[in-house]
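Each remark here refers to the structure printed beneath this line.
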Amino acid sequence: MSTGKESSKAYADIESRGDYKDDGKKGSTLSSKQHFMLSLTFILIGLSSLNVWNTALGLNINFKYNTFQITGLVCSSIVALFVEIPKIMLPFLLGGLSILCAGFQISHSFFTDTQFDTYCLVAFIVIGVVAGLAQTIAFNIGSTMEDNMGGYMSAGIGISGVFIFVINLLLDQFVSPEKHYGVNKAKLLYLYIICELCLILAIVFCVCNLDLTNKNNKKDEENKENNATLSYMELFKDSYKAILTMFLVNWLTLQLFPGVGHKKWQESHNISDYNVTIIVGMFQVFDFLSRYPPNLTHIKIFKNFTFSLNKLLVANSLRLLFIPWFILNACVDHPFFKNIVQQCVCMAMLAFTNGWFNTVPFLVFVKELKKAKKKKEIEIISTFLVIAMFVGLFCGIWTTYIYNLFNIVLPKPDLPPIDVTQ
């Protein structure tokens with residue numbers, strides 16, 4: 001990893017500029033090797049920071065605790081807005097996630113059922129806080145680099161879901177189905193070992209490829225007038241389009257998935273567990289695939305995958321059409337809406353637009369800012385986007401309960417009475 005020092009120097013050069021404006025890759029001082037190592041670093045951070053949570057979900061560890069995890073994400077990102085978290089904390093936060101992984105393994109093997117359940121509750125909250133802080137720091141660093149790395153961070157987050165999903169399926173073929181406290185014992189052990197290895201890799205790449213120090217703090221203090229940033233309200237007005245798009249895409253996704261599709265689809269049409277696995281897999285795979293094209297717009301066939309925030313807002317408005325589509329798939333007893341292929345297409349389109357529209361704002365928001373130019377201002381706006389993403393997820397998971405107020409699940413057919421006289 002010989003590019004580590006050179007990459008850190010390149011990043012330090014960007015930090016030392018009085019004004020910051022990302023104009024794409026034109027004029028980049030980073031070599032292709034440095035760019036590759038940095039992109040791989042941010043992919044690993046995104047992947048490893050979400051693996052712990054995705055593994056818990058994949059093992060079906062008390063899904064209701066998901067709401068606590070989302071709450072932790074929101075709280076941590078808001079704290080990061082008002083309290084400057086040192087960049088050097090990034091590898092320590094990733095290390096904290098690896099300790100939580102070991103905690104799942106130890107508590108599942110040696111604790112009682114009640115103690116394990118209590119650990120899971122506490123761990124989900126801590127995962128939200130720690131992962132939220134790690135992602136906020138990483139997005140701040142990536143979005144203010146010479147070559148915007150925010151898109152690669154988003155890509156890493158997308159990889160996590162399909163990565164854990166595929167490993168889960170492979171382990172089903174090789175490990176014992178024995179369960180302990182309702183959770184597969186062998187799968188929990190191996191999945192969290194993989195999470196720990198990913199986190200260790202991410203820590204190594206962070207330390208070697210990123211400048212996590214604040215070398216220019218003294219210079220910044222000496223030039224307070226030059227470094228005076230715009231107020232939060234001015235920064236919000238300058239970036240409200242990106243903030244709104246981040247909120248909308250995440251709110252709609254978590255409102256519909258998995259609460260309506262696949263859960264209410266399964267209740268209405270008695271979908272088999274195998275087909276449910278396929279439907280969920282469609283979400284994981286297409287969410288993963290859609291996060292890459294926006295990062296590859298230098299390739300001709302992908303050049304139209306990034307566009308202005310105005311167009312993205314229009315696209316998010318059109319995305320609301322998924323609401324009636326998902327509801328019809330649950331409440332209509334017709335071969336078309338019961339068809340597994342149609343359901344997979346519906347889920348794939350929701351997932352593809354989710355990953356795509358989550359990545360674009362981090363890539364284009366800097367270019368559309370009118371007032372914000374300084375690196376510190378870009379970092380604050382990047383934190384705004386992370387908060388919008390987490391608040392969108394939080395609102396989505398809570399508003400999905402609205403559909404319980406309406407009878408969109410088809411009634412079960414009445415069974416013929418049993419003749420007890422025979």
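Here the Cβ of each residue, glycine as well, is placed from N, Cα and C on the backbone.
If you check Swiss-Prot, you'll see Thr112 and Ser272 are listed on the same side of the membrane.
Under the DSSP three-state reduction, Arg291 (inosine binding site) is assigned to coil, being neither helix nor strand. With pairs at least 6 apart in sequence, the transmembrane segment (375-397) and the transmembrane segment (242-265) have 3 or more Cβ pairs within the 8 Å limit; the two touch. Count of Cβ pairs under 8 Å against the transmembrane segment (310-330): among 88-107, 186-208, 275-294, 339-362, 375-397, the largest is for 339-362. Outside the topological domain 'Cytoplasmic' (295-309), and at least 6 residues removed from its termini, the chain residues within Cβ reach (under 8 Å) are 25, 39, 151-152, 155, 241-242, 245, 356, 359-361, 363-365, 368. Against the transmembrane segment (275-294), stretch 339-362 shows more Cβ pairs under 8 Å than any other of 117-139, 150-174, 339-362.
Using a Cβ-Cβ cut-off under 8 Å and counting only residues 6 or more beyond its ends in the same chain, the transmembrane segment (339-362) has close neighbours at 139, 142-143, 148, 150-151, 153-155, 157-158, 242, 245-246, 249-250, 253, 256-257, 261-262, 265, 271, 275, 278-280, 282-291, 293-295, 305-307, 309, 312, 315-316, 319, 322, 325-326, 329, 382, 385, 389.
Of the Cβ pairs linking the transmembrane segment (88-107) with the transmembrane segment (64-82) and spaced 6 or more residues apart, fewer than 3 are under 8 Å, so the two regions do not touch.
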